């Protein structure tokens with residue numbers, strides 16, 4: 001088992017990609033971040049996909065919790081964000097849908113969404129709770145080590161409360177605070193539960209997570225049900241782990257420090273823990289979230305395995321030291337690294353949220369100057385992302401491409417506001433000044449290391465395939481791939497949104513225009529990919545910011561839901577592509 | 001520089017003596033020595049190359065400390081003396097550093113100096129107690145022993161912080177007090193995880209034998225991973241802030257490199273005034289973005305020189321800047337610093353005082369051309385009644401005198 005964990009960690013160290021991120025988050029016990037951030041960043045499709053990937057992750061065993069239970073929160077969020085016609089685990093009518101709003105979906109929205117709990121889910125929770133009670137009931141004739149149980153339970157509760165307080169304290173008023181508000185279900189106190197499972201008889205071990213789970217702050221209604229569910233799930237998991245460990249004689253191995261064998265027994269206990277977690281989570285996903293079984297099953301067992309295994313190792317060492325001559329105080333030291341990594345992880349998320357806000361501020365600065373392109377950047381980012389997914393790019397490149405799309409016009413900061421806002425036709429001189437903006441943008445983001453490939457897109461997004469574009473007049477495949485993607489997304493959004501000099505065109509007309517110009521202006525491969533993506537997902541634009549548009553006029557392009565392809569769609573005659 | 005040379009020389013001498021003594025006497029407990037050596041070497045191999053971190057190789061540090069404090073292995077007393085501990089740790093660290101040196105990543109000499117001196121300190125402190133314990137005059141086993149190990153590790157952590165601050169002081173000539181404070185604060189972060197793991201490994205090996213090494217390494221690797229990602233996102237964030245700052249330059253509102261020069265100089269002055277790490281970060285971000293309010297102006301201020309504008313106009317630009325900064329998600333202190341940069345210094349927070357003085361200096365020195373910095377300083381001194389804090393101006397003068405009165409090169 002150790003080798004498996006080794007390999008998994010090694011992989012993590014090598015690949016900082018999105019999957020790695022999700023997994024590491026899981027290792028630390030906080031899975032909230034990825035899907036939540038995606039929702040924040042405003043890419044609906046991406047968010048839905050990510051959430052579907054991560055949703056089954058039982059890092060927060062409570063399917064109702066949104067803040068305290070990371071994974072479920074993202075699922076609820078995803079359900080809110082998902083739209084009809086989109087493939088995904090969201091059945092019709094499961095949750096009220098909000099249109100994609102680039103900003104975060106408010107917690108109150110989630111609360112409303114979850115207020116109606118299906119009756120079967122209630123029955124399921126009650127059954128689970130009854131099962132937990134029957135597991136924890138002490139069998140007559142055995143003497144439970146009450147002192148140890150009380151110590152472990154107090155420790156567990158203390159860890160959970162500490163985590164909750166820290167993250168509550170670090171939450172910022174604008175909502176960019178630490179992600180793990182309220183503490184995750186499998187936080188850094190998991191080693192305590194597992195150590196108890198390794199040392200105590202099963203019914204006694206099952207009592208250990210109880211006080212912590214019952215005391216933990218629950219932000220979403222219905223609170224009682226959520227608390228019950230969370231407590232019952234942890235009790236059952238711990239009981240199962242302890243039962244398996246006990247049956248294998250692991251306790252004696254721990255007490256006598258019989259080492260390779262203690263690892264085997266602990267490994268089996270960890271597997272049991274994850275299995276029960278997966279089964280219970282799957283049940284609640286199917287009943288409460290009405291997720292189809294085959295989707296709910298995905299990754300439920302395997303995803304938490306690596307994190308729980310690492311926590312299991314720490315728990316094993318806690319158990320060994322607890323029974324050693326050095327006593328429980330020495331065992332506490334094991335928790336310190338877990339706490340520190342949890343802290344670093346919370347900081348990481350805080351900083352990441354701040355970073356995203358900064359990027360958004362860069363974009364908003366452009367919006368301030370160039371009034372009519374409001375929300376354009378975010379939409380181009382989203383369209384670029386759709387193309388990237390369609391082209392089968394990996395997550396990291398797709399993410400970079402989204403940033404490229406978002407930041408493609410950042411160089412307009414360097415163009416005088418007067419020119420950007422000019423209503424009439426531009427003189428050649430003015431046009432030349434405006435055409436400098438790709439170079440300005442490239443210069444501006446030069447220092448941002450993670451953008452790398454995206455910088456080329458910022459520089460070259462006005463190049464045309466036939467070499468008549470600017471700034472360098474590159475031709476064909478000499479134009480970087482990212483730039484070819486962003487060019488299509490940019491032109492599409494420019495055509496489908498209202499500008500001061502013309503009205504928005506319908507999506508179908510814009511697509512036809514893109515296809516007409518494919519080969520001369522745009523890369524046909526990108527245009528086809530975009531058409532496919534639109535055909536599947538539709539186009540649901542939204543503004544970036546929460547505040548109303550400054551000019552009071554609706555500037556949103558109309559949403560578009562794909563229908564059967566229209567034969568003989570209108571062919572536009574106006575020059576395609578955005579005004580520079 | 002002398003302290004630096006002395007520390008490095010001392011560490012090298014200590015390591016060589018330890019190696020020689022070990023070779024002379026032979027190695028006791030080869031299995032244990034090998035296991036810990038491998039742990040330290042692997043820890044060094046997976047260390048992260050971002051050199052700014054306080055503890056780049058937590059696993060190696062924890063392994064080395066555990067070896068220094070090892071009294072028993074699976075219930076049998078060990079006999080690894082101080083020389084052997086130092087020799088094994090040094091050899092393993094050198095081995096683990098080879099790929100990093102080959103790729104030219106990160107400074108290695110100071111890192112090794114600290115490792116050798118810290119491990120030597122821990123081992124030297126531990127051995128006499130351990131001798132007492134074996135002679136029966138110390139409550140050898142039990143919680144008392146664990147408490148002793150933890151106490152020694154706390155002492156070692158303090159020693160390490162002092163050492164790191166001293167090395168940094170010798171290298172950069174920054175004031176020692178704030179450096180020590182930063183080091184101690186960092187000790188609370190990953191340092192505490194390292195120390196706790198060191199203690200746990202020492203105790204767990206005593207109970208469970210060498211199996212404890214791999215079992216306990218994984219949680220610490222996880223900690224390292226978390227910290228690495230935190231550091232990475234912090235670096236990206238900083239780059240993005242710098243880009244945002246460059247927006248005013250590209251828009252033609254301020255001269256090229258102005259924000260970066262003000263940020264670098266502000267940071268130096270902040271250090272000179274004894275600000276702590278987080279305060280310096282706030283100061284740096286605020287200095288980078290101090291001109292961002294000009295983006296909202298329809299017409300650029302001539303040469304971006306806000307220091308020459310009317311006070312009311314300066315304050316208006318500062319407020320506009322604060323409004324932009326508030327949107328960026330940086331700490332509220334940064335926005336406050338930007339907003340207040342044009343106030344009289346008695347009403348300002350310390351960060352804003354520094355940004356105001358440094359910004360004025362930068363603009364005036366640039367206007368005056370080469371050799372203008374003395375004149376600019378003189379002008380600032382004349383303004384100390386109301387606008388610029390005298391202490392800040394004097395620190396600025398000291399920083400400039402030390403760095404040779406030249407503006408940092410534009411690059």
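Here the Cβ of each residue, glycine as well, is placed from N, Cα and C on the backbone.
Bear in mind that TrEMBL entries carry predicted annotations, made automatically and left uncurated.
TrEMBL tags one of the stretches B:145-167, B:214-236, B:237-259, B:260-282 as transmembrane segment, and that stretch is B:145-167. The largest share of C-beta pairs under 8 angstroms with the transmembrane segment (B:114-133) comes from B:145-167, of the ranges B:82-102, B:145-167, B:188-213. Tertiary proximity for the transmembrane segment (B:145-167) is limited to same-chain residues at least six positions away from its ends with a CB under 8 Å from its CB atoms, namely 3-4, 7, 54, 65, 69, 71, 110, 113-114, 117-118, 121-122, 125-126, 129, 133, 138-139, 176, 179-180, 182-184, 186-187, 191-192, 195, 198-199, 202-203. Assigned with DSSP, the residues of the domain 'HD' (B:257-357) fall into helix, strand and coil as follows: 77 helix, 0 strand, 24 coil.
Per-residue confidence over the domain 'HD' (B:257-357) averages 83 (mean pLDDT, predicted model).
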